[in-house]
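Record features (Swiss-Prot):
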- Thr69, Asp87, Asn114, Ala115: S-adenosyl-L-methionine binding site (BINDING)
Amino acid sequence: MEKVSFGFSDVSPQEKTHLVGDVFRRVASRYDLMNDAMSGGLHRLWKDDFVRLVQPKASEHILDMAGGTGDIAFRLAKYGTNVTIADINPAMLEVGKKRAIARSIENLTWKEENAEALSFNDNVFDAYTIAFGIRNVTHIQKALDEAWRVLKVGGRFFCMEFSQTKWSGFSNLYKMYSTHIVPKIGQLLANDEDSYRYLIESIERFPNIEKFSDMIKSAGFVQIRARPILGGLVAIHSGWKV
């Protein structure tokens, strides 16, 4: 029987999909808090940098996958880009829709979608973005294959995800902080230690930068690049469909 990782546990694919769904239903209303806890607030700067690298244009249609709360999409929309926000979790989408209304942000389409089996036709998007979402997908390679399928020829793929830093001193410090402090923050502020513990564990089980780059290549992308941040604690991956 196939097993996939859920944090440090190995579970069936169906169980992981269900468990991850539960995690994000619980954290949806406090998603910014979760990201602040895991990044020390730096995720806001990283996302700004990420969108600058995408170089969105007003004439483009971009798919922001696992983007339910709108963090990336709102930044893309500032360029006049048409953005489709897709997320498997309806609770995350509801948070994003409310935030968009409050900010009077337009040019957005909201879709409940599974990254491994998108409902879109082939060759329809100019760019595909996914930030801090792909490590929660049950079958990462399937999601990458789908990203390639729905992109136009000449389309760009951008993924930002936590990884493992190569700065040894910082690595030890962050591991201590993430393992012992972040779950307690989750318990204190959200009464949800388990969800925050899973999110930290999922980082350690995610492929390293080199292996994930190989997976992007296997999906069919070329000109693959990885831009490490803080020694690789976070990396921005990119590739092109030709």
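Cβ atoms are placed via backbone N, Cα and C, with glycine included.
Cβ neighbour count for Thr69 (S-adenosyl-L-methionine binding site): 28 (other Cβ atoms within 10 Å of its Cβ, all protein chains included). Summary: among the binding-site residues (Asp87, Asn114, Ala115), the fewest other C-beta atoms within 10 A of the C-beta are counted at Asn114.
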